[in-house]
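First comes the structure, then the notes that go with it.
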Amino acid sequence: MADKLIRATAADGGIRVVGVITTRLTEEARQRHKLSNVATAALGRTMASALLLASSLKKPGSRVNIRIKGDGPLGGVLVDAGLDGTVRGYVDYPQVELLPNAQGKLDVGRAVGDKGYVRVLREEKGEGRNELQESIVEIVSGEVGEDIAYYLDQSEQIPSALQVGVFVGTTTGVTAAGGILLQVLSKEASRDEVLVARLESRLRKLTGFTPLLRAGKGLEDIFQELLGDMGLEIFPAVQMLRFDCDCSFERALGALKFLGVDELKDIIEKDKQAEAICEFCREVYNANERQLIELVESLQAESC
């Protein structure tokens with residue numbers, strides 16, 4: 001099943017629905033970063049959440065950045081997603097592995113930690129100037145989905161129900177990943193409360209998002225199960241999603257500049273080359289002696 005995003009409305013436009021399947025891109029992230037199972041789940045949930053949030057952006061080129069920094073052994077999670085359906089991300093300590101929780105599931109909450117913060121940065125592209133909106137909230141549980149739902153309630157004040165999940169097989173890698181976001185858009189507070197209660201109740205009754213995907217159900221099927229009796233209208237447009245990083249050799253050289261003239265000269269003398277690795281995708285860039293010398297000359301010219 002291809003990675004994709006679809007949108008829908010229900011309750012006469014009072015409910016906005018977005019769903020994503022992110023199985024392949026989560027598996028790509030697992031392989032690129034050599035992630036443990038619990039790190040895969042944490043990063044995968046955050047990538048699905050970021051893509052769901054990015055779907056509400058308006059202008060081409062706009063992006064959402066999510067940073068989750070908890071007190072657990074993973075250290076932190078950083079994800080960047082765009083309105084164009086691209087996403088990238090990493091965790092601070094990708095090799096961390098923990099025993100399953102009491103329910104026998106990957107213990108993402110303990111890996112992330114229940115103390116810390118969630119920072120969401122929205123960048124809307126504009127003509128001549130980008131509009132930045134940053135919000136920071138406390139971590140609720142470290143399970144990611146609950147934390148992002150809390151952010152939506154506290155910072156954007158949009159009544160929301162969110163469920164994200166990742167299933168990692170013992171030997172097969174990621175076999176199911178994705179999420180669903182339900183938001184109440186009506187202006188009547190009393191109606192909001194009733195709708196949110198119904199949505200949360202229905203989400204709780206689901207056997208979980210990834211079990212439905214593993215059972216062969218698509219996003220449209222899940223939407224029907226949740227909202228089929230509430231005037232559901234699924235939009236025909238389907239957006240394809242992918243893991244994608246905009247790093248480049250030129251950017252890697254720019255990063256090496258921050259080492260400074262003295263350290264670059266030391267590298268030239270001792271190693272004759274330098275290696276730069278992109279944190280988001282683990283792409284490796286190698287600069288040879290000639291390129292390093294040109295960097296030094298450029299820095300010296302800038303200081304004159």
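Please read every residue number as a count from 1 along the shown chain.
Glycine residues also receive a Cβ, built from the backbone N, Cα and C atoms like all the rest.
The feature disulfide bond is assigned by Swiss-Prot to Cys245-Cys247 (among others), with sequence analysis given as support. Cys247 (disulfide bond) counts 18 other C-beta atoms within 10 Å of its own C-beta, drawing on all protein chains shown.
Taken from Swiss-Prot, the feature disulfide bond applies to Cys278-Cys281 (among others). The number of other Cβ atoms within 10 Å of the Cβ belonging to Cys281 (disulfide bond), over all protein chains shown, comes to 19.
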